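Here is the structure we will look at.
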């Protein structure tokens, strides 16, 4: 009975890492205790790049300052050593803890060494027993084979552990490189792509955290697996280096434990399955931005010129125009304009300006030669905004119908005995994924072109008039139509 108690006490004061009696024991918050040298070495080996520490047994995290010396356990170890070295205890080594007789037999059914009284007891009655000398060599060979197998598995486990760490480092480098590439691309469009860049980086951060989190967990699993194998190997080595009794004591259980050991491989993540960054047609955006930046070099200082009588009211700084109905006497015939011209007049060179049309449901802008008599009263009719009448313009009607106004197309209507010819104004529908709040107008007088840019959508081209015939000076043109919200000329700084 006393021997059994000593065994229990010895188990309580044995270090789970080195499997020897505790030396300078330190206790954690979770209640587990280890040798000072063992827990220090374990921390350095298992978490070389992290400040966080965890218990090797239960994995509970703990701060380093919470490691405290356990004098109570140290005293128990010293007393236990004294008892184990005493002559009385030495005489009991190799004796049955229950009967006090020598352990000379081995029970194959139970896999334990027993004494002759145990053999005759009800517990072992009918069991096949042999002398320990007869079975020692057999089990020594088995344990030797098991030891070699475990050593090989340990090597494989350590390689898998190293592979996980290498993969983790590779992922960090790959993610970091992806960040660098993404940021380099967005740098060219910083002002107009901040929102897209932020979204992509957030997705990438989430992917990195998710993958690395699982890889860290996989690494921890591999560390535990390796440590478990080390414990088994240490047990096998202890048995093989100890006495015959130590070799055979509980040997079947040890072998069964070893046979059930399976090497768990870490989870990996294939590059082919990861989300690859795809910029939203970045090349086209870069090209559009480049073209917009190029024409913005020719920014012209344009002001608005009042025209009377007119429904268009101009601000004091001559940079904004809005629609306002003017009351006049019905008996007096007056032609009212809906648009105004810009200044200066243009006879050569390249010129660019931008107009803010935010929230307007109707507007027309571009260039014109000058107001013509036949374009005054019926200026709201589309056929009046044709290049042949001196207008190169685009516009918005009814909130979302964008159009460019081209010269009329002639067609013939053949009837019985007669033929008539009519002109149909060509209104070109303009389709845009993002409606413009700000429109850029670029006139190249010598090239005879007028281009319109959607500044709101990264400067994509809205429409371009080619082969224009400028036989007279031309002017910037602005018409707020019947929408009371203003049209505003923008400054380069805005």
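Placement of Cβ uses the backbone N, Cα and C atoms for every residue, glycine included.
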Range annotated as region 'Required for interaction with GABARAP and for autophagy' in Swiss-Prot, from 144-157, 158-171, 172-185, 186-199:
186-199
Give the range, chosen from 15-59, 240-284, that Swiss-Prot lists as zinc finger.
15-59
Have a look at 91-132, 301-342 and point to the one annotated zinc finger in Swiss-Prot.
91-132
Give the residue from the binding-site residues 99, 124 that has the most other Cβ atoms within 10 Å of its Cβ, counting over every protein chain displayed.
124
Run through the Cβ atoms and count how many others sit within 10 Å of the one on residue 118 (Zn(2+) binding site).
21
Cβ within 8 angstroms of the Cβ centroid of 96, 99, 118, 124: which residues besides those meet this for the Zn(2+) site?
98, 101, 114, 115, 116, 117, 119, 121
Number of other Cβ atoms within 10 Å of the Cβ of residue 96 (Zn(2+) binding site) across all protein chains
18
Let's see if you can do this one: DSSP helix, strand and coil counts over the zinc finger (91-132), in that order.
7 helix, 11 strand, 24 coil
On average, residues of the coiled coil (131-223) score a pLDDT of 84
